[in-house]
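J.: The structure follows.
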C-alpha cells in the first residue's frame, strides 16, 4: 500500500519515469515469457480464470485457436508443471512426436516416447508405434488416464518392475459427480449418455470427444492395494477440468499420524449456496444452486423494501440473471430463487432481546420451555409405554447404537454441533480398513456430494447414519442435499455390540428422550431449535464441491495394453523402424499445411485399452428460419381466451385452407380500430352489397382482434384475404378473386350469395369490383392467351417442386437510372464498348461505340416501361440457375437471352444449356447483351451489374415481355473501376428489388458440410470439407485475391488468380485458396460470404494469418469460419435478412392469401402457441396492490410520511430505489418576504391597441424559403397550410421556427451535426494532459469565485447523503405521472447498457429575441439515460448543490430554484447600474470536452464523494454511445446535474476571463449577466486558446438575462417575446389556457410602477403597452388581481394555477409545493419544469442543519 501511495503521489511529477522503471523492468521479462509459452488468443472472459489458477496468461496474444484456453492449460501442464517435476530419466506415453521433442528441449530428462495405437485415429497421430513398454523409473501419461481403470494401472506397475512413479493428466469435470450441467460453461460443456461423458471444450463442437463417465473415480481413491502391490494416488494440481495425478509405489514406512487425518479433497466452484427443497418435493441439486452474492443481496432487498410486490423478487433476479459471470446458473435455479425469496420474505429470526429480566420472568420461561419434560417425568406409565414401543421397533434390527450415544440425538434432534460430535464418535468406531472391490464400486458412486462445513447440520445429515426407528422419527425435515443421504455409507455395521447396550433400566435420561419425542410430534419446538432451523433454511452454508478419498482394494489386475499392441509388426518395413525413438532423433519435417491444433484431450490422441466408442461428428438438422419478431396477438388486450384458428372460433364450411389463420375471441364493446387508409377491398365489396364500407369495417371490428386491424401490413399494404374470410362469415357469402388469370375462392362454400373481386397485381396491387357489363365473369380468352407465360411460370415444376416465387410481379423502369448508366458507358467510365470503334470497319453496321451513343440519346426521351418480372433468390449454391435452365428448354420460353456479369459465368451457362452453336448469341456478358433482342430476358447475378442496368435493358430492347432475375442480395454488388463514374450515386438495387423476392432459398447443394454448419444451413453436399491454413502457393489452384493489382501480378507470374468479387456465381470442384493481406480487413461481409461459398470441397487460407485472429483489424467472418464458430447472418446483414422470407425446403404449393398492397401475404401460417396456464389481465392499473405481500410503514419520523406510491414501478426499477424515508425535518422553511412593496401605484401606459400592432407585426414572406431539404424531404419548421389565422396576414406560428419531431422527419437527422460531437472510434475518450491542466484551471477559478481553498477537502456526510438519496427518489417519482413511468419501463431494463443513451428531439416552439423572424434552427436534443444512472448519480449532484447553495457568495446569483420575485429582489439589492457585460457561446454543450470531466471530478473530490461514484461518472462520460454512434464527453441534456455543471462551467470560464470576486454576476446554464463594463484578465488570451468554446462577449446598457431586462429597479419580462407568444396563442386558440401564465410573467415588471420604463429600451415601449392592452381586454376579474399594486398572496396564485391548462416556467416557480404536486399528477410536465422542480424539492425536504 505504501508503494501505491508513492506511485500516486509521484505520477504527475518528473519522477514518474524513475519510479516506474523497476515495474517496467520486472514486467517485460514476465510478459515476454508469457507470450512465448502461451501464444494462443484466449477469450477475454477466460483470462482472469486462468490467472486465478496461477497461469500467467497476458491476453495480448494474436494466434487464434478453436479452444485456446484448453491449449493453454495443456502448455502449462507440460512446460511448467511436468518440465519442473522431471528430475530423473523418464518416459512419455501417448504424445505427438513434435510435442515430445519440444518438451525434451525444455528438459533433457525426458528420454523416450512410447505411443500405442489403440484406436484407428492413432495411426495418424502416432507415426511410429511402440511394441514394448518403457524401462524408465518414471512415466508421464499424457491426457489418457481417463481411458484406463485402476486394474490396468496396477497391471502396468506389475509389468514394469522398475517403475516407481507415474505422472498422469486427467481431464474430467468434478461436478459430473452431481450433475450433467457444467459449472463453467465458458470453458467447457459436457453431457452424460449412460456410461459415456461427451466433453466439448469452449463451445468447439468439432473438438468434442467421448470418455468413460467413471473416469471420475480417479479423483475419489487415495490408494490402490492388491495382494502384491500397494500404490498411492495423489492429486497434485487441479486447473478446472484438468488434473495432475501422481501414482507411485507406497513407502514401507509411513507416518502413523497421517492415518488419523481424513483424506478430503475439494475443487474450485463458483461462489454459490444450495436452496432448500420445497415441502414434500425433491428438486435436483443443480437447480437449487444459486450465486451466493445474489442470494445475499436478494435476501436483504426483500427485507429492506417497505412495499414488496410478488413481481419484485423476479425483477431483482432479472437484473442479475443476464450477467455473464452467472451463466452457469440454470433457468430453473433462477426461478426457484425468486420463488423462494418471495415465499420466505415475511420470515424473521425467532428471537427477542429483553433487558433487565426479573427472576420471576426467567422462571416462567424455564417452566414453559420444559413443560413436556416435566409432564413425562410425572407420568412414568406414559414414559414406559413410549419407550417400550421404541425398543420394539428396534428389535427388527440386528445392530443398533447404544442408548447412551443415542440420547444426545434425542435431546437435540439434528441441531447444533452436538450431533456432529455424536456422529463423529460413531464414525470413529468404524473399521478404517480399505474398501473391497465391490464396496469401492458402490462407495465411489456415493461419495460425490457437496463437501459440508464443520458446523453445518445438513452436512452431518449428508452422512446419514442408519439409526434406529426412534431416531428416524426424530429426524428433522430434509436439508438441501439430503436427497443424497440415502446413498451414503451405513455406519450401523460398525457397532456389532450396540444391541446389547439397550438393557439398562429406565432412568432420567429416558424421560428426556421421551420429552424430545413428544416435543417433535406435539410441539412447539424449543426456541433454540426454531432459531437453528431458521438459520439452516435462510442462511445456508456456502456450497463446496468435494468428498473424502478412500483406498481401493483389488483382487487382481488387468493388462495395461492389449497383447496385439506389444507384438512386433508383421511388415518388414515397419519392423525396421526404431523403437523406442532415441532422444537424438528429430521428428520428420512437418507438412506445409498448418494443422489445426488439437484439443486438450481428444479421443484420437488418448485412446486406451478399452476406449469409449467414438462416433463421427454429425451436423445437426437445422430448423427452418422463422421470423425473429413475436406476434402481437399474444398480448392483444382487445381479446380474451387462448390463440386458436378463425375456423375453430367461428365454425363454418369454408373453402379449404382459407380460415386457418390465428385468431382470438374479440371482447364485445371494445374500442374500434380507426378506418384504414387503403380500403379498396371494402369499397369493392360495398359496390356489390347494401352495406357501406364503414359498416363493413365495423363488422370486422366485432370479429377480428385489434392487433390484426392495426397491424403494419394492413396499414401499409391494405386489407387481405383474412379480412375477406371474416366478412364472409359475418354476412354469409362466398367470393372469387380473379388475379393473374387465376381464380381463387374464399368464404362459405354453401352460401347462396356470390361476390367477385378483380385484383390487379400492380404495383401497387389493388382490389376493384367487376365491370357491370361483365357481371363478374372471368377474363376473356384473348387476355388469357396474352398471359400464357405467367401461367407457365406459376405452373412449372421440376422434380415435383415449384419455382420459389409466389406471383408474377409487374416492374416499371426508371429512365433516369438508365440515362445515368448510358452516360457513364458513353464516357468510358463503365464498360469497354466505347473502345471497340475499330470493329466498325469489319462490319456493315454501326460500331458498338456508335450504338452506345445512339442508346444514350434514346434515354433522353424514353418513357417508363412495364413488364412482368420474377426474382429467384437464395443462398450461394442453392440451385437458382438449374430450374430456370430447364424452364428455358420448354417451348413457351424458347425466345430468350441470358445476361451474365463475367465471361466465366457465361461459359457455364453455355455448357449447361448445351444448345447448338448458332444459338450461342443468346448468352452474353452485360455490355454486348444491350445490342441483342428477345422476348424473355434472364439476368444472372443481377446485383453484380451496374445500377440501372435493368432499366437500360428495357429501353434498349422494346420486345422484352418477361424478365427473370437471379441473384443473392447477401453477396457482393457492382463497383465501378473508374473514380469518375457517377453510377455509385444511384440508390442500390438491393432495396429496390427486395420487394420482388417472394422466397429466399436457404439451403445449398454446393458448400461442404463444415461450411454449411457455420451458417446453420441445410446442406446436400455429401462432402465433409475442411477449413484450413496453408503456407504453400499453388499456381494452378483457384486463388481468390482481394484486389485487381494482385491479379495482375499473379497473371504476370503465370499463376491463376481471380478477385473474390469476380468469382461470384462460379463453382469450384477443387478447394478455394483465399489470399489474406492488408486488404482483407476492408472486405465487406458480402465479399467474405462469396469467398467462403465458392468451393464444393473446402477452403484454404494463405498469406497473413493475423487476419484470422478475431482481433481489431482482422476479418470477423473469416476469423469465425477458421475457428469453427457460428456465423449469424443477421449480425452481418441486419437490413436485408429481416426482410427476406426464408424457406429451408423446396416449394411444393403456394399460398392463396392476398393483400391489396404492394406484396402478397406470402408467409406461411404461423404456429399457434398453446394457451398459457395463467393468463394475466390485459391491463394492470397503476394502483393495483393485490400483489403486495409486504408493506412496512415507517417506525419513526414526521406525522405525515413523505412516501409516494411505488406500485406502478417496473420490478427492475424497484430494485434501484432505496425507499429511504426523510425523517429529519428541515431547519429552513420558506417564509414570505416582509420587504416593502415595489410600488404602490400602477405605471402610466401610452395606450396602444394590441390587435392593431399584431396586424402589422408579421412581415409578408414565403415560409417555404426558410425550409431546408434533406434526402429529398423538406423540413416542416414553418407549417402554414390549413392553419387558421385572423389577426394578421398569415398564421402567427410563422414568427419563429417550431420543432415537431412527430411531423418533421428531417428535424433530428438535420440537427445531429450541430448538436452532437462524435468520437472517431468506439474506444473510450482519453483524458489528455491539456484536459487535466485546463480542468484544474477551471476548478481553481470556480473556487476563487466561491472564496474557497481549492486544496481543502470536506469530510463526507453520510447522513446527509442518505437524505439526498431519498430526495432524489422522491423527485423521480413525483416529476412524472405514473402512466409515463409505466410507459418508459424499458429505461430500467437490465439488458440496456448503462453507457448507452437514446437521443431524441425535443418538441418545442421557442420564442425569444434570437428566434423571432429567424431562419431554420437545429432542434435541442435530449438524452434518455438508464434509470440506474439517474438514481445513482442524481443524489451526488443534489449533495453538491446543497453545499454550493450554502457557500455561494451573495453577489453570485444562480437562477435555478429562484422565482422571478427573487430575481427582482436580488437586482434591487446588488445592481447599481444598467450597464452590463453579457456573453453568448457557440455550441456550449458540444464544446465541453475532457476538461469538463476533470473539473467535475475535482468538485466531487472536494466533498469526498466515494471513489466508486466518481469512477462511474468518469466511465459514463468517456464511454457514451448512442444510436447514431459514440459521443465525446460533451454535455448531454438529460444527464444528472446538467444545469449545475453547465452553470459552474460557465462561471469558471467567466472568472478566467474577468475578475468576478466583487462583480455582481448572474449565471444560469450558458446564460450570464455581469454588472458593469469589465476588462479581461491579462492571461485570458492564452487560456482562451486552450478552450474549445467560442465566446461572443458584448457590453451594452440594456442586457437580457433569462428573458428579463435587469437594472437597479428590478427586472421586467421582455415584452417583445411576450407579445409574440400572445399573438401565437390568440391565433391557435390557446390564449384562454395560457393567459394566466403570461399574465403572471407580465406582472413582475408591471408591479414596478413607473420605474419599469427605465429598464426597457425605447423601441419596446409599444410592445409593453400592447401587452397591457391585451390583458385588460382578455383577463378575467380574478386574474386581474395580478395587475393590482402590491404582492399577490400565495393562495391566489395557487388557485389561478390549478384552474389553468398551461403552466409556464416562471409561473411554475412561484407556486407552492402542494400546487406543484397537484399539477405534476394532473398532466405531464415539460422537461424544463422537471429540472426546475429538483432544487425546490431539495429546499423543502433537505435538512440544512446537517451540514457542518
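Glycine residues also receive a Cβ, built from the backbone N, Cα and C atoms like all the rest.
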J.: Of the ranges 707-726, 727-746, 747-766, 767-786, which one does Swiss-Prot flag as region 'Disordered'?
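T.: Matching range for region 'Disordered': 767-786.
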J.: Write down the Cα-Cα distance for residue 766 (active site, for protease activity) and residue 680 (active site, for protease activity), rounded and given in Å.
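T.: A Cα-Cα distance of 7 Å.
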J.: Please report the number of other Cβ atoms within 10 Å of the Cβ of residue 680 (active site, for protease activity).
T.: 22
J.: Let me know how many other Cβ atoms fall within 10 Å of the Cβ of residue 766 (active site, for protease activity).
T.: 17
J.: Within the domain 'Alphavirus-like MT' (58-219) only, compute the mean pLDDT.
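T.: That stretch averages a pLDDT of 89.
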J.: Going by DSSP, is residue 766 (active site, for protease activity) sitting in a helix, a strand, or coil?
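T.: Reduced to three states, the DSSP call for residue 766 (active site, for protease activity) is strand.
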